[in-house]
């Protein structure tokens with residue numbers, strides 16, 4: 001009975017996590033379109049500390065979509081371990097990338113499409129090898145977990161790093177460095193997931209008829225969640241307003257997932273009972289996701305599609321094989337020597353530019 005219940009909870013958590021990714025991926029697009037409309041109207045931008053987006057209905061539609069996604073995500077954490085739910089956030093990268101290419105004219109090149117597929121592949125591998133978290137069924141057990149010295153140290157470091165980024169680094173480099181605001185959202189997100197997990201346990205106890213509302217931990221978790229989510233929304237809006245959506249979403253996913261997996265491992269001791277194959281599978285899946293995210297980010301400005309591939313191969317073959325033939329032809333045909341030498345120099349110049357050589361200039 002317990003095994004059947006576990007499989008049932010797994011399926012519920014899986015469906016909720018996938019639904020959450022769809023809603024959250026769409027919310028990025030709605031928020032971005034709302035912020036772009038405000039920018040065209042000349043309103044003070046969110047990246048500069050403005051809050052005019054509160055009057056934009058598209059931004060509110062994005063917020064509601066994100067709210068629906070977070071509710072589904074909230075419920076998913078109550079039914080399944082964080083190491084199952086969090087990696088499925090890669091689906092939001094795919095949804096956001098596809099929708100941004102249609103509605104924001106942010107073209108997704110071949111590298112980006114491969115990156116999306118690698119993100120999905122890596123997430124699937126991580127789900128297959130996801131570690132099992134320790135069972136925590138009551139608020140008293142959760143309170144004991146939160147008081148563990150390892151988690152206290154981790155939470156303290158997160159708060160200190162966040163405050164430094166908010167008050168010291170953010171005002172100086174937030175407008176130019178994409179990692180500043182996204183890191184704030186991500187590391188605080190690790191704490192918000194812990195709060196969500198604790199509130200999920202509290203809701204289960206509430207439905208079981210236990211006096212949850214009298215337990216101080218319930219209110220502490222609720223207040224902490226409100227503070228964390230409010231901070232995440234604020235700095236995520238700033239990142240979306242300043243930088244390209246197709247860059248913000250994948251980078252946010254990588255840093256957020258890393259933070260959540262680290263927090264979950266410390267809080268629930270998930271890695272203590274894992275086999276070697278599951279450890280290798282989990283890390284391999286996550287590295288695959290990182291490679292996919294890198295392809296999405298590093299080559300976003302390269303205009304490269306499948307239609308360009310045969311042409312590129314032909315040019316490479318010509319550059320490789322044409323040099324020797326043109327040298328022979330140039331020295332055996334005097335009347336064509338000038339044209340041949342010009343072609344050779346053009347080929348060499350093209351090759352040098354591809355290899356980053358200064359001699360091309």
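Each residue, glycine too, has its Cβ placed from N, Cα and C.
Here TrEMBL gives transmembrane segment for one range in the set 85-104, 305-324: that range is 85-104. Feature annotation (TrEMBL): of 178-203, 334-359, the stretch labelled transmembrane segment is 178-203. The stretch in closest packing with the transmembrane segment (57-79), judged by the count of Cβ pairs under 8 Å and taken from 12-30, 150-171, 247-267, is 12-30. Here the transmembrane segment (178-203) lies next to the transmembrane segment (247-267) in space: the count of CB pairs under 8 Å, restricted to residues six or more apart, reaches at least 3. Using a Cβ-Cβ cut-off under 8 Å and counting only residues 6 or more beyond its ends in the same chain, the transmembrane segment (150-171) has close neighbours at 180-181, 183-184, 187-188, 190-191, 231, 235, 259, 262-263, 266-267.
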